[in-house]
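Worksheet: one structure, shown below.
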Amino acid sequence: MTQLAIGKPAPLGAHYDGQGVNFTLFSAHAERVELCVFDANGQEHRYDLPGHSGDIWHGYLPDARPGLRYGYRVHGPWQPAEGHRFNPAKLLIDPCARQIEGEFKDNPLLHAGHNEPDYRDNAAIAPKCVVVVDHYDWEDDAPPRTPWGSTIIYEAHVKGLTYLHPEIPVEIRGTYKALGHPVMINYLKQLGITALELLPVAQFASEPRLQRMGLSNYWGYNPVAMFALHPAYACSPETALDEFRDAIKALHKAGIEVILDIVLNHSAELDLDGPLFSLRGIDNRSYYWIREDGDYHNWTGCGNTLNLSHPAVVDYASACLRYWVETCHVDGFRFDLAAVMGRTPEFRQDAPLFTAIQNCPVLSQVKLIAEPWDIAPGGYQVGNFPPLFAEWNDHFRDAARRFWLHYDLPLGAFAGRFAASSDVFKRNGRLPSAAINLVTAHDGFTLRDCVCFNHKHNEANGEENRDGTNNNYSNNHGKEGLGGSLDLVERRRDSIHALLTTLLLSQGTPMLLAGDEHGHSQHGNNNAYCQDNQLTWLDWSQASSGLTAFTAALIHLRKRIPALVENRWWEEGDGNVRWLNRYAQPLSTDEWQNGPKQLQILLSDRFLIAINATLEVTEIVLPAGEWHAIPPFAGEDNPVITAVWQGPAHGLCVFQR
């Protein structure tokens, strides 16, 4: 039998050099590491990794080729109270594997035991890693590098975006290939999107609890192999990487960036009753935040929390991010529950992973977006991330909904959010683009559901409607559910228009949820993470062409307004913005705090947003000049000069002079 050579301790993972494969694995507490390779008949061959450099175990297998299936058995103490859960009976996934073969089914053999070890061997059913070779012709691909001030983000799910698209070939719907199809790219271009932000595409697993209920993890926030693409989105799992890169190359040619939603905060191993796939059996004590009793700190709500202050875990996370940029040419990341990235365990702007990203010549040049919270004490960190990061702005989301749907927000608070929440983000040299403004996201009501439902309806998730937030700031306009009278439909449409206008014409970086421009509904489900069905798939045949055109017109209007694209904080007297009352006069202090919800926002001295968020039709006197309403609030031809606007209840209009 071929013997392993010592090999090299870097880089991590399995790497083919044309003559064989070098294997490396980090484990600070292991006593022995076996490389397990499987032949075409499934026969297992074990080799002790002979190299041990610091905490890196390594070996070189001559004559090994791409396509080789492998895993690890890691020997060490079973001492749960100290955080050690080694179990060599369980085949483990290489954390840096580029491809996984097999399914993560709910099976007792894929668990290692809670208090007592389960020594039943699981190699027959355990997923296997696959050695890959990386040869790809990027041609003349170059990142679009869209300036932050010009960025329009579109948050979408790989499958849900195209699975029901009638103009995309059936055989590629719901896949990476569909993202790069000309029909999809033309749609994004016509809409005005500059960045496609994808929900997780790294390999993930469905939680055992969901599998037992006949459900699956649809969103993908349950990672198991951070360097491997999720194969279910590929036409052929063996070519997933090239399919993904083909899509990115096509999107780049159209000037569209690709941002990945990435989950570095926890793993699919869940809590101590969860499965054993990889990290827990390789070095539980190093990879996770461990309590004094040996259990996990659950700062994520998912059972475990990755210790991103441990040097080896920082190296792992940094290598993962570099891989997606260097190998797949992605243009940035949105970090799920990103406060975990800064935990030491308290949150720090100079936490090790933040410092590593800032000092990396690759990662410091891409777009970085934080979901700036986790669920632990001190986890709400909106506005506190390092200057390289933009952040989801939940202040904007709640303010926009409260202003237009709950009618309980003063003008001053609304204006503050409209002006990129400068009270939150104007610090440490950050620009207005640091505020990622959103009204909706994958997590929560869709825009249509915001105006059709007062309450969540998550019964299909199997938790008796207990899951999902109750703080929705929604308004069903008098009737719970879709449909209704013509008057009801029109009032809901007006609210949608008001929310979209506020989102797309405010200062900061707008993020649009895919389907909101169609009128997509999830029928009141505000936590559809486990609904891989028509509840979440965009039904293009039912898309509202009028709403899509309205959204596109707003986006293209935004690109014409210097005050929004120049990405500079607005200052008194700089000509970027003036705040006026219904009589075109500056607002008084009392009007800001207690006045009627009527406001005129003059941008770049040429564009005027007139707002009447009261219950009555109100006459709004426009500032001096020849004003005419512009698309999407009026047609292109024969503009009518207006000095006074008869503002409908809960209405708004945009004018130009």
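Note: Cβ is positioned from N, Cα and C throughout, glycine not excepted.
Residues annotated as active site, nucleophile in Swiss-Prot: ASP336. Here Swiss-Prot flags GLU371 as active site, proton donor, drawing on sequence analysis. Per Swiss-Prot, the feature site 'Transition state stabilizer' maps to ASP443. Among the features that Swiss-Prot reports, region 'Disordered' is placed at 458-479. Annotation source Swiss-Prot lists compositional bias 'Basic and acidic residues' at 458-467.
Counting in whole angstrom, GLU371 (active site, proton donor) lies 12 from ASP443 (site 'Transition state stabilizer') by their C-alpha atoms.
Least packed by the Cβ count within 10 Å, out of the recorded positions ASP336, GLU371, ASP443, is ASP443.
Counting only the Cα atoms, the space from ASP336 (active site, nucleophile) to ASP443 (site 'Transition state stabilizer') is about 11 angstrom.
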